[in-house]
Amino acid sequence: MDRTGTPLVELKNISISFGGVRAVDDVSLDLYPGEVVGLLGHNGAGKSTLIKILSGAYQRDSGTIRIDGKDADIRSPADARRYNIETIYQTLALADNLDAPANLFLGRELTTPFGLVDDARMEAETRKIMARLNPNFRKINDPVSALSGGQRQSVAIARAVYFNAKILIMDEPTAALGVHETKMVADLIQELKAQGLGIFLISHDTREMMDLCDRVSVMKNGQLIGTERVEDVTEDDILSMIIMGKNPKAAA
Amino acid sequence: MTDVTTPAARPRRGWKALDLDTRLLGMIGAFIVIAIAFDIASGGRFITPRNLFNLTIQTASVAIMATGMVFIIVTRHIDLSVGSVLATTSAVMAMTQTSLMPDVLGLGLGHPLTAWVAILFGIVTGAAIGAFHGYLVGYLAIPAFIVTLGGLLVWRNVAWYLTSGQTIGPLDETFQLFGGINGTLGVTGSWILGLAASVITLWALFAARRNKISHEFPVKPMWAEVTVAAIAIGAILGFVALLNAYSVPSRVLQRNFAARGEVMPEGFTQGYGVPISIVLLIVVAIVMTVIAKRTRFGRYIFATGGNPDAAELSGINTRMLTVKIFALMGVLCAISAVVASARLANHSNDIGILDELRVIAAAVIGGTALKGGIGTIHGAIIGALIMQSLQSGMAMVGVDAPLQNIVVGGVLVLAVWIDIVYRKRTGAKD
């Protein structure tokens with residue numbers, strides 16, 4: 001893993017408060033192309049909040065975000081998309097009443113020369129990308145509420161892949177999935193990584209994180225406990241960081 | 001409902017190849033049952049050209065507003081103020097016609113521009129009121145129920161205040177053309193409209209098929225396409241024939257001839273044809289359907305209704321969307337006000353009272369789900385037609401006024417229950 005060039009993403013001294021609670025407290029993180037950085041911590045440790053600042057869902061109180069070494073002004077999800085940041089949310093952020101193509105292109109519909117939405121073209125594009133990501137995907141015209149967890153997840157991932165994400169944020173992408181579907185997502189992460197995407201991954205599953213990530217960052221009570229390369233630490237080290245909030249290497 | 005839409009799947013056969021909307025068929029069936037029941041009960045007076053003509057013009061005002069209510073309810077809001085906004089816009093338009101244009105601007109009564117200026121003012125007023133409601137709901141996060149409950153009182157009494165509680169009329173003659181019986185296309189005009197609509201329908205079906213083929217999607221078998229086209233064109237031309245069959249009463253014709261200084265020829269008859277208010281409703285229905293199905297605005301309305309968080313995370317400005325939806329509702333209230341006040345030939349203080357309930361009932365009977373995300377424009381219009389046919393059918397049969405309202409209220413609840421059962425049976429989760 002080469003970490004000598006310019007990082008794809010640099011988060012510097014990010015803080016945000018909600019009604020007096022510092023949800024994220026002076027956190028700095030970076031991410032290189034082709035790298036997977038895992039974010040670990042208890043519920044309420046601030047992982048999702050931090051990541052929502054990068055994806056534009058929340059606005060930071062202080063700190064800077066750099067993309068490719070340049071200051072990035074991210075105030076809304078639309079801004080984040082302009083920097084090729086795509087997010088796959090824990091809650092799957094799909095409109096259940098719409099079908100897969102409508103969800104895949106939501107907010108970025110393909111249109112005809114008259115400015116009307118071009119459903120046929122969006123459906124054709126959806127079939128193409130689904131043939132690549134999840135060949136078993138059949139229910140193109142059904143509302144996504146009729147799909148299984150894995151199929152819904154593949155719609156969310158297809159959205160990120162179709163729009164050429166450079167930075168992908170995955171918030172517990174396998175939480176609702178079965179064994180086979182989890183494997184599918186893991187394979188996909190490896191493929192995207194090989195294509196040079198940078199991925200932030202949030203999960204509670206320490207073992208899974210050791211397998212998928214290049215580095216892991218642990219948060220507790222809004223603060224960053226430490227960031228370690230997975231080859232330098234054991235699963236127990238990480239667990240103690242999560243639980244004790246102390247970095248065993250720093251203590252040593 | 002399963003995987004019939006993929007290329008690998010078998011094509012649908014027989015009845016299913018027609019790909020008809022069963023919910024739509026159910027509503028049309030309900031209307032036919034109601035019509036036949038009242039026809040029997042009234043001794044054959046319900047299914048007559050005259051009564052059906054009247055039914056369409058009575059439905060127009062509520063149906064126009066119901067199309068807007070679909071968008072409001074789909075985004076999980078409600079608008080209780082539509083009847084009052086209708087009254088305020090009607091008052092503004094009436095004042096423009098009887099006071100502003102003739103007296104203040106000195107153009108006199110019957111100036112050719114009067115009706116159009118009045119309609120413009122009405123629409124601008126409606127849009128402004130709606131946008132204001134939308135701002136309160138979207139940006140200040142006050143629940144729509146409360147904003148429009150306030151609006152129900154406020155705009156009813158703004159209308160009263162503007163007119164000092166007087167009935168304003170008679171309205172401009174051009175304006176009255178939008179009311180129904182005073183403005184129809186006549187027999188020839190109606191047939192031209194019917195033929196034009198048929199040609200456009202054929203073209204739309206053909207274009208849709210060609211588009212599917214160009215993307216290599218499965219298409220219906222040719223016989224099914226032809227059947228659907230035949231049903232659609234039959235319905236259009238049948239509707240025109242029905243409205244043409246209602247003849248202008250001979251004494252009205254005699255009066256018209258006398259006014260021109262002529263004598264009416266023996267045996268002369270003339271059909272009314274399609275009322276202009278119905279043409280207006282059809283235009284509104286088409287525009288609203290295109291918005292719902294073929295524009296980004298419409299797509300965002302349904303996405304926001306299905307999952308507001310997902311819509312926002314997808315970069316949709318849901319607050320501005322709320323403003324636009326309520327502004328559109330205000331515009332439709334103004335258009336309804338044109339139809340309603342023109343039909344009565346004057347603006348009265350009680351215009352549009354209880355319309356909010358009729359409009360919401362029409363949308364809900366038409367299949368709009370109150371929890372959001374689901375609803376159709378054509379459903380709401382048929383819902384309005386069903387409500388109106390119950391109301392006027394009962395009046396025709398001589399049911400007492402309190403009983404009429406009891407039945408209408410009961411039918412609303414029953415319709416929603418049937419809808420819930422229908423959704424469970426067809427396996428839809430929403």
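Note: Cβ is positioned from N, Cα and C throughout, glycine not excepted.
All annotation found in TrEMBL is predicted automatically rather than curated by experts.
Sequence-distant neighbours of the transmembrane segment (B:20-40) (same chain, 6+ residues past either end, Cβ-Cβ under 8 Å): 46-47, 228, 365-367, 376, 378-379, 382-383, 385-386, 389-390, 393-394, 396-397, 422, 426. Among the features that TrEMBL reports, transmembrane segment is placed at B:20-40 (among others).
TrEMBL lists B:52-73 (among others) with the feature transmembrane segment.
Tertiary proximity for the transmembrane segment (B:80-101) is limited to same-chain residues at least six positions away from its ends with a CB under 8 Å from its CB atoms, namely 61, 65, 68-69, 107, 111, 113-115, 117-119, 121-123, 125-126, 129-130, 133, 145, 148-156, 158-159, 162-163, 168-169, 171-172, 175, 329-330, 333-334, 336-338, 340-341, 346-347, 349, 351-356, 359-360. As annotated by TrEMBL, transmembrane segment applies to B:80-101 (among others).
Annotated transmembrane segment per TrEMBL: B:113-132 (among others), in sequence order. Sequence-distant contacts of the transmembrane segment (B:113-132), counting only residues of its own chain at least 6 positions beyond either end whose CB sits under 8 Å from a CB of the stretch, comprise 85, 88-90, 92-94, 96-97, 101-102, 107, 151, 155, 172, 174-175, 177, 323, 326-335, 337-338.
According to TrEMBL, the transmembrane segment annotation covers B:139-163 (among others). Counting only same-chain residues 6+ beyond the ends of the transmembrane segment (B:139-163), those with a CB under 8 A from a CB of the stretch are 72, 77-81, 83-85, 87-88, 90-92, 94-95, 129, 133, 319, 323, 347, 349, 351, 353, 356.
The transmembrane segment annotation in TrEMBL covers B:183-206 (among others). Through the fold, the transmembrane segment (B:183-206) approaches residues 176-177, 225, 228-229, 232-233, 236-237, 239-240, 243-244, 270-277, 279, 342 of its own chain, all at least 6 residues removed from its boundaries and within a Cβ separation under 8 Å.
Away from its own ends, the transmembrane segment (B:226-246) comes close to residues 18-20, 49-50, 52-53, 56, 184, 187, 190-191, 193-194, 197-198, 201-202, 205, 220, 271-275, 278 of its chain (Cβ-Cβ under 8 Å, at least six residues beyond either end). The transmembrane segment annotation in TrEMBL covers B:226-246 (among others).
Within its own chain, the transmembrane segment (B:272-292) has Cβ neighbours under 8 Å at 53, 56-57, 59-61, 63-64, 67-68, 70-71, 177-181, 183-190, 193-194, 240, 243-244, 246-248, 298, 301-302, 332, 335, 338-339, 342-343, 376-378, 381, counting only residues six or more beyond its boundaries. Per TrEMBL, the feature transmembrane segment maps to B:272-292 (among others).
The transmembrane segment annotation in TrEMBL covers B:325-345 (among others). Here the transmembrane segment (B:325-345) has long-range neighbours at 57, 60-62, 64-65, 67-69, 71-72, 75, 77, 79, 82, 85-87, 89-90, 93-94, 119, 122-123, 125-131, 133-134, 137-138, 169-171, 175-183, 277, 280-281, 284, 301, 351-352, 355, meaning same-chain residues at least 6 beyond its ends whose C-beta is under 8 angstroms from one of its own.
Residues 23, 26, 361, 364-365, 367, 387, 390-391, 394-395 of the same chain lie 6+ residues outside the transmembrane segment (B:403-422) yet bring a C-beta within less than 8 angstroms of a C-beta in it. Per TrEMBL, transmembrane segment is recorded for B:403-422 (among others).
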